Structure formats: C-alpha cells, structure tokens
C-alpha cells in the first residue's frame, strides 16, 4: 500500500444525536438495574425545548422517564436557556409500548443457551495494533479531542465552552504505517463573549496540544478551529438529535465495515448491539494474541435462531497462521450464540450509558475490551 490519508470524526456528549443516545442508554440502565431480563428498545428525539422518548419496553421494572431524561441532560451541561436547551424547563414526552409477542416467542427459550437472536442482521468487529488500545488511530484521537473539550469545559479551565462539539483527524499513512497527522478539525460551541482569536489559541493550547502526539504534528499539519468563525447556536437548538445516528462515530470511524445496526437503547438480546461487542472482543483477542496485525470479524444471525448463520475472519494479509485455522479457533473459543455471548461478556448490567459518548470500543474498562483469551488462542495456534 502506498501513501494515503485516512480521516475519522467524533462528536461530544453535547451533540444532539449523542444527547439522544445517552438518554436512551440511561433509560436502559435504569431498567436493567431492576430487571436484567427486560426487553428494551428505547429511541429518543431531541429538539429545542423538548425531548421525546419512545420505543418498545417489556419489563417488571418501573422507572421515571422524565427524571432520567432531565438528569442526563443536566449532567451533559445544558442547564441554562442561553445555551438553547435547559434540563430544568424542557418538555419531556413519552410514547412507549411493549415488545411484540411475535418477536418474543422467537427469542425466549426454556433452555437459555437456545435463546434466539432478537432479529436478523450482520455485525462487524475490528482490531488493529496501530494503537495501544488496539483501535484505529484516527477515531481514537478524534474521541480524545472531544473528551478533552468536555473535560476543560466542566472543570472550568475554559468556562466559555458549551457542550456541543465535533472533531475530525486526518492521518497520513505510508505502507500501512502512521507517519503523521495531515489535518485537524475542531468545532466547539461557545459563549457569545469569546472572540475567535482567543478561542483558537485556547483550543490549540488546552485541547489539541495535550492530546495529539507531537511526533505526528509538523509544519505542514493543517488546523481548522471553528472554521465558520462562530458557533454560539448549537445543541438541540441548532439541530435535532436522534438515537442511533452516529454509528460510525460509535465504532471504528469508517476504518472497518458496519452492519448498519445502532447500539444505544437496546438490551443485550438485540444482536445489533451484543454481537457487535462480541465481534470486537474476538477481533481484539486475535490481534492481542499476535495472530494478526489487523482483524475484522463478521457474524450474522436469523431471528429466533441461536447459532450464527455465518462467521467470517478477515486479516488483510497480516495473519501469522492460516485464515481457515483462525475461523476454527473463533468457533472453538468463543460462544457467539446470543445467550452465550451475553454470559461471556456479562452484559446484563447497567453499563451502557457510559458507552453512549466517545465510542463503544477502545475503552479498557468495558468487558468486551478484555484480552483474556489471547494466550489461549496463541497456545492453540501453536505460536511460541
């Protein structure tokens, strides 16, 4: 592979679509805390002055949707009307029904291991050894930039920052290896009083320089900081937000393929979410074991059927053992049936709200980020 550029973007927790994702997952967590077997598909829409929470939920739990919604918006930082959105005064509407019994009969089984998939679909997982968290560098650093924006906003370092922000990082590759950063874009909502020059200087010093490794920056690296010149109107006042509209931000920044299913607001019986987590777990353990430098896993399901309809392993020519052997190892060491992967990754806990901003992958405390099977895979593959 010759020289090329690759770009990924991220958005902050205050982006309208991410507000929606976090509300949906906050509702899911509150329900799972009381009822781990609940069936939850929670969708959220946000716009100026209102939040609509809808979907299909079947549970023995009772949760206060309005309180959860307001608390989530408050934690993000929308607490004054001058930001265009206020947790204390926005309307909260609820339109929630129950899961279809036609779906339910295909999922539930007397033997949990025979639990069927909640829907058909295809999911991908990916890992690469180009960063210490075995994630692509462009999405990793795009996330870290907007995480830093939230940090300096909340701790008062840059008090004129507002919650909505976006980042984008373009990396330079030569023969598949990172050689530098070509361009950085960071747009952040801000208070009226800050001027463009002061904002650009502060963002460079407090957000960009502490995050991006200096060895990847050079005289030709281009920086675009609030390139429109003004970003006062933002959040739900600037754009409406919907659950599940940032699926590439949530995953690998475009570096890997995507099956199309969103994550937030879905309980683990929905393989759109749980099987994508399991596929990441498989791919990461293969790379951590040194069996490949890059690995992409595809898995697919039929509704109501436990066994995956297919498993595919792609290593882009970086494999250290034959591809056929890798597929056999995946089938031997990973149970990718819906209930099997729920047990394997211990998914019936309220851990999902935290996933809903700054990426579902590459953050070591999530259970699908464990590399506990790497040595087993290495030994089974016969590598010294």
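Glycine is treated like the rest: Cβ placed from N, Cα and C.
Secondary structure at residue 246 (ATP binding site), taken from DSSP and collapsed to helix, strand or coil, is coil. The Cβ of residue 246 (ATP binding site) has 11, 15, 17, 18, 21 as same-chain neighbours under 8 Å, each 6 or more residues away in sequence. Sequence annotations record features per position, and here Swiss-Prot assigns ATP binding site to 15, 164, 165, 166, 230, 231, 239, 245, 246, 262, 266 based on sequence analysis.
The secondary structure of residue 17 (Mg(2+) binding site), as reduced to three states from DSSP, is helical. Here Swiss-Prot flags 17 as Mg(2+) binding site.
Around the Cβ of residue 43 (K(+) binding site), a 10 Å sphere holds 22 further Cβ atoms from the protein chains shown. What Swiss-Prot lists as K(+) binding site is 43.
Positions annotated as L-methionine binding site by Swiss-Prot: 56, 99, 239, 270. In sequence order, 16 are the residues near residue 239 (ATP binding site), counting only same-chain partners six or more apart with C-beta under 8 A.
Annotation comment: Swiss-Prot describes 99-109 as region 'Flexible loop'.
Local packing around the Cβ, expressed as the count of other Cβ atoms within 10 angstroms, is greatest for 17 among the binding-site residues 17, 56. In this structure, the binding-site residues under consideration are 15, 230, 266, 270, and the one with the smallest number of other Cβ atoms within 10 Å of its Cβ is 230. Distance noted between the C-alpha atoms of residue 270 (L-methionine binding site) and residue 165 (ATP binding site) is 30 Å. In the predicted structure, the region 'Flexible loop' (99-109) carries a mean pLDDT of 61. Of all the binding-site residues given, namely 56, 165, 230, 266, those whose Cα is no farther than the 10 Å limit from the Cα of residue 43 (K(+) binding site) are 56, 266.
Cβ neighbours of residue 165 (ATP binding site) (same chain, under 8 Å, six or more residues apart in sequence): 11, 12, 14, 15, 146, 149, 150, 186, 187, 188, 189.
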